[in-house]
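What Swiss-Prot records for HIS567, HIS571, CYS669, HIS673 is Zn(2+) binding site.
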Amino acid sequence: MKNLSSAQIRQMWLDFWKSKGHSVEPSANLVPVNDPTLLWINSGVATLKKYFDGSVIPDNPRITNAQKSIRTNDIENVGKTARHHTMFEMLGNFSIGDYFRDEAIEWGFELLTSPEWFAFPKDKLYMTYYPDDMDSYNRWIALGVEPSHLIPLEDNFWEIGAGPSGPDTEIFFDRGTDFDPENIGIRLLEEDIENDRYIEIWNIVLSQFNADPAVPRSEYKELPNKNIDTGAGLERLAAIFQGAKTNFETDLFLPIIREVEKISGKTYDQDGDNMSFKVIADHIRALSFAIGDGALPGNEGRGYVLRRLLRRASMHGQRLGITEPFLYKLVETVGNIMESYYPEVLEKRAFIEKIVKSEEESFARTIHTGSQFAEQLMDKLAAEGKSEIDGRDIFKLYDTYGFQVELTEELAEHRGMTLDIAGFEAAMKEQQDRARASVVKGGSMGMQNETLAAITEESTFVYGQTALEASLSVIVADNARTEAVSEGQALLVFDQTPFYAEMGGQVADHGFVKNATGDIVATVIDVQKAPNGQPLHTVELSASISVGQTYTLEIETKRRKGVEKNHTATHLLHAALHNIIGEHATQAGSLNEQDFLRFDFTHFEAVTAEELRRIEEEVNEQIWNAIPVVTVETDIDTAKEMGAMALFGEKYGKEVRVVTIGDYSVELCGGTHVGNTAEIGIFKILKEEGIGSGTRRIIAVTGREAFLAYRDQEDALKEVAATIKSPQIKEVPNKVESLAQQVRDLQKENAALKEKAAAAAAGDVFKNVKDANGIRYIASQVQVSDAGALRTFADNWKQKDYSDVLVLVAAIGDKVNVLVASKSSDVHAGNLIKVLAPIVAGRGGGKPDMAMAGGSDASAIQTLLNSVADNL
């Protein structure tokens, strides 16, 4: 059998499908673009949904790709098994309404068995199929597959929600009896038993039905265009071709493991327990690619996933004896492994390393903070008379602070407490269920719209026009084409139009359709792209219209001009962000409306007030410089030579439009813009905020809206000036600072008085010293507002040699709080409070020098105080 590198496998896959007329789709960004249903791109087909649901018609219906993907619903299994990964590559071939079952199976078999390609031994291949799908069974038989190698399975039907669905046929490679120690054989496949012998290497989904959850599967309607969707895991193929026991011994992971060996001084043993090596190798791949694609560690969404991966890998580093940040040192190795197809990791290496190292250092601090949280939590439980740490708190320590359960258990044991393990496991399961639900949620491809997909009439958007005459080509009403319509809403396609269809963050034009006499026959309320790319006008009708007639199309020029100002300002803002906070601040979304703009970008922290001031100033400088805005149409290669910034996730054809603003900004953009930056007038940032982990948002206004914003601020300042009696606005800051200082002085004076009163009260308490068995003790009831005040008493007591033991009791509301502090080696505060607390119907515990408890029987306080001497 051939011995192929992962790069050779990937390239051979793409070359084979190119030979069958497929276009190679580049691997998309791991962060989904315009798809809120997905947290990550999690399969090869995830980026092609627009083709499968018919909302966009591809240039070539035959597509192949190698797609980097992330799935995180089973993070805890990574490192425990031979094949679980967070980041992996899915090789795929796809047919959008072109070839179907016969070609997909025949070509798949050719790729796998032909000496020119993969050259797998035929007797090593097994296939599963849906029992009712005899067409697939017969096709495999016709290709020479033995019936004993064809296994019917009821689970071989692919459907997730409404949308394309159908039977699938899976291909397995038999690794032999060495991987079947109990000699179970083919039953491993027949009974779907988890095993390392029969490895699934490819799944071919025959998408031929529109799934409808409201009807039985037997009543699903056939798709107007049948599709093929396949996926083969590169890591599994590499393990087979390279004779590796697990995926981790392939050229995709082993170089990373070797680097970890150097850093840790430990050795990776293929037959031993190497979970930590595997976790680190897997997680740093996912981290490197995800951060390179613009995702950043944080506390929610995909940022939370990255933070969890990094902390899990870091903890496993500690198990290998690594005490310093080290993950960032592995980024270069990841980049070197993947450079042939994914150069972006090495290109962004410095930035990725910076983020990873910063997170590692932050995690070290978090571990310290987590220890403090745990101590405070146990103090609180002791004060409340509880001795078990709730499962949700254990999970918080695990999830937020990176505390393994064993570490929490050790801390609890020192305080005489136990763990609610069942509650912890329930909280863990809830999180895993949420993760799995989010994956399922994003699976549906959506129902195909046959009517819109069938529109093939040509239509052209005419730049620079606000009104023109056009012939009406298509009317769609009630999801069906018609020749005429007179009321309600309809979708219209003209042979040409001045109306901009919503795209690239620019909202659609609004306006009117007029007849030959100048009467309005329809109001345009939206314009979107049809599946074949034509501008599709949504209109509300006020008169009858007919296909073939000529109409005048007029846009609302005021709306268009406002949108253009904001769109050009967005380009200026994007360039300013690059200049001031870094090249990593790339566009993650935008919205250019008539009266404001919204710009989302990748950044790992809040933009400072000083940075915002500089950004605003730089954008306005470009506006005041009155720079011409020039748009040229050219080919994509020339555009790249011009230095045009392409937005990741946007699909560009061979011909593109390049918008240049002097030498300040050059971007690929299909939108409309002002002719000169001076038309924008003025630019003002209203708000900067985080909208998700690693993503920031700026909301800004231009022109008249910016003037109104400044005026509102001036009015507010005048109101403040009047309130504080400052006749000159310029004196307001000094006057406010003077008032603030007065408040600080009063607060300081108040705190001093409270401290003096507390000291006086403590002095009275500390005077009442008694003796029991040679141990000096103070036992007293005090009047305080909260349990924290008891600790303040104890802190004051520690400063001087008042006594050996201090026992304080306070009735706060309907609860009794007890504190025991000890300086004596003969008295353990935690043990003493366990004896005293039950007297007031409470429980507690703590350290040898300090312990707290909580109770509910205030009537027994004096009894508790009287019993102190008997227990010393």
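Placement of Cβ uses the backbone N, Cα and C atoms for every residue, glycine included.
Counting every protein chain shown, the Cβ of HIS571 (Zn(2+) binding site) has 27 other Cβ atoms within 10 Å. Residue density at HIS673 (Zn(2+) binding site): 24 other Cβ atoms are found within 10 A of its Cβ, drawing on all protein chains shown. In the three-state DSSP classification, HIS673 (Zn(2+) binding site) falls within coil. Cβ atoms within 8 Å of the centroid of the Cβ atoms of HIS567, HIS571, CYS669, HIS673 (the Zn(2+) site) belong to the same-chain residues GLN506, GLU564, THR568, THR570, ASN592, VAL629, VAL659, GLU667, GLY671, THR672, site residues excluded. In sequence order, GLY505, GLN506, ASN592, LEU597, GLY671, THR672, HIS673 are the residues near HIS567 (Zn(2+) binding site), counting only same-chain partners six or more apart with C-beta under 8 A. There are 26 other Cβ atoms within 10 Å of the Cβ belonging to CYS669 (Zn(2+) binding site). DSSP assigns HIS567 (Zn(2+) binding site) to a helical segment in the three-state reduction.
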